Structure formats: C-alpha cells, structure tokens
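Participant: Feature table excerpt (Swiss-Prot):
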type	residues	note
ACT_SITE	TYR153	active site, proton acceptor
BINDING	11-35	NAD(+) binding site
BINDING	SER142	substrate binding site
Amino acid sequence: MNKRFQGKVAVITGAAQGIGRRVAERMAAEGGRLLLVDRSELIHELADELVGVAEVLTLTADLEQFAECQRVMAAALERFGRLDILINNVGGTIWAKPFEHYQEREIEAEVRRSLFPTLWCCHAALAPMIEQGSGAIVNVSSVATRGIHRVPYGAAKGGVNALTACLAFETAERGIRVNATAPGGTEARHGGFRNSAEPSEQEKVWYQQIVDQSLDSSLMKRYGSIDEQVEAILFLASDAASYITGITLPVAGGDLGCQSCSVMFSVSG
C-alpha cells in the first residue's frame, strides 16, 4: 500500500464516524501518526480498532469552543512533537427548513456547529505549522452554499470557503497549504437530521426536497460514497498536492455549489 503519510502527524476532527472516520482509517494504514478528536465517546472505539496499525491518540472535545481547540493542538504537540496535517471535519446540518422558520438560537447553533470548529482549529494549528515552516490544512465544506432549506448552514460553509482562501493567501509563503473539499450528497450511515427532536411530517418533506435538489444538481444524478469524498481529502493533504493551495474542490458529481454562480457572473460580466 502507498505510504503517503509515513511519519506525518495529523489531527483529524469529527473522526468518530462517517467521512472523518474513514480518513482516519486510511491515514493510519498509510503510515500517519494520528490525534483523533470527536465530541462522541465512539472515538475511543476507533482507537481500539487501530491498535497495531498506527500510533493513535484520541480525545473527546467540544470544538465549538476556542479553548478546546487550543487544548487539542497542545495535546498533539505534547505527544508527537509536531503537526503536519489538520483535517477539519466537524459540521453538519442540524435543521432543514425554509429560512423564515428558523429561530434565532437555531441560526446561531448552525453557524457555531459548521464554522467555528474549523475557524478555531485553523487558528490553533497555525503556530506550530509556522514554526516548522510547513503544514497542510484541509477543511471539509459543502456544495450546500447554494441550495434550499439550509440557509444558516450554507452561510457557515460559505465562511469555511472564505477562511480557506484567505488563510491560504496569508500562509503560502510560510510553507503552509490550505484547501477545502465541498462534498455533495453523500451516502452515510448517520444521515438526515442532527437534532434530537422527532421530525414532523412537514420537516420530512423539506428534507426530502433537499435530497431531490442534491440529485438534480449533480450531473451524475446520484449520491457519492464516503470513499469518494475521502480520496479527495487525502489527495489535498498529501505531498502530491504540493502546488495546490487556496482552492475549494467540489466533490459532488458535477455540482459546483456556489462556484457555479461565480463562473456565471464572471462570464456575464
């Protein structure tokens, strides 16, 4: 097997399940030394599975809090002595409904879930990467920056895209690359709503409209697999992408998300 990450130290957030878990499994198999973070205790089960495969440290943390992100990066430095790769994978739609139906607390919760963990972790990772003169950051965004029933989530992920571009400008000459992937609809075991309430019949209809739009927007007319998302993340994190920084790569079967709007405006202008 290719050992693209031999000896590299990577922090992977949101690693207990889904895309983050598969990234961790693949990096471990390819020689990475990993600090895996999630708010769920399931993260420790993954560490047990990777015993004998890679050197792994797991932490539970609420990465919506600035201090927790600082604690995670400090733990990585204490254990491994350096930080080569950061994969920011925390986020996800909590509610799915037209914007006028959101309450203030729900809007704030969506932004806090899908923007702040990435913002805080990028900030916390900068000092060791700048000191080393190298590093690769991959932020997991979304093509949902253009779509229905997820305006606060789309705004948060739009912030991730802007963070990616701006931070790449600031850090490129210091040897740090910053990129993002923008997944489209993706088959996952834990899809759908991410709040504890039982969805109403109307909420189920709204969510199905998101699914239908995702399929209609994709040229391939299907959902992607977790492995298809992971391949893009691993590529951007690896040395094979050494001349790539500041991009948000749509991985959505041809759906470009908000980038399609930018292309349209630039052509018409």
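Placed from the backbone N, Cα and C atoms, the Cβ positions cover glycine too.
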Participant: Within 10 Å of the Cβ of LEU35 (NAD(+) binding site), how many other Cβ atoms can you find? Include all protein chains, please.
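Facilitator: So the Cβ neighbour count for LEU35 (NAD(+) binding site) comes to 25.
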Participant: Could you check what DSSP calls GLY31 (NAD(+) binding site) once collapsed to helix, strand or coil?
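Facilitator: Reduced to three states, the DSSP call for GLY31 (NAD(+) binding site) is coil.
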Participant: For the residue listed as 'active site, proton acceptor', what is the secondary structure by DSSP, using just helix, strand and coil?
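Facilitator: Going by the DSSP assignment, the residue listed as 'active site, proton acceptor' falls within a helical segment, counted as helix.
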Participant: Using a Cβ-Cβ cut-off under 8 angstroms and a sequence gap of six or more, which residues of the chain neighbour VAL23 (NAD(+) binding site)?
Facilitator: ILE12, ALA15, ILE87, ASN89, VAL230, ILE233, LEU234
Participant: Taking the Cβ of SER142 (substrate binding site) as reference, which residues of that chain separated by at least 6 in sequence fall under 8 Å from it?
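Facilitator: Residues satisfying the criterion: GLY91, TYR153, GLY154, LYS157, ALA182, PRO183, GLY257.
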Participant: In the structure shown, which of the binding-site residues VAL11, ALA15, ILE19, MET27 has the fewest Cβ neighbours within 10 Å?
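Facilitator: Comparing Cβ neighbours within 10 Å for the binding-site residues VAL11, ALA15, ILE19, MET27, ILE19 has the fewest.
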Participant: Does DSSP give VAL11 (NAD(+) binding site) helix, strand or coil?
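Facilitator: The residue in question, VAL11 (NAD(+) binding site), is strand (DSSP, three-state).
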Participant: Which chain-mates of GLY31 (NAD(+) binding site) that are at least 6 residues away have a CB under 8 A from its CB, listed by sequence?
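Facilitator: Residues satisfying the criterion: LYS3, ARG4, PHE5, GLN6, GLY7, LYS8, ALA54.
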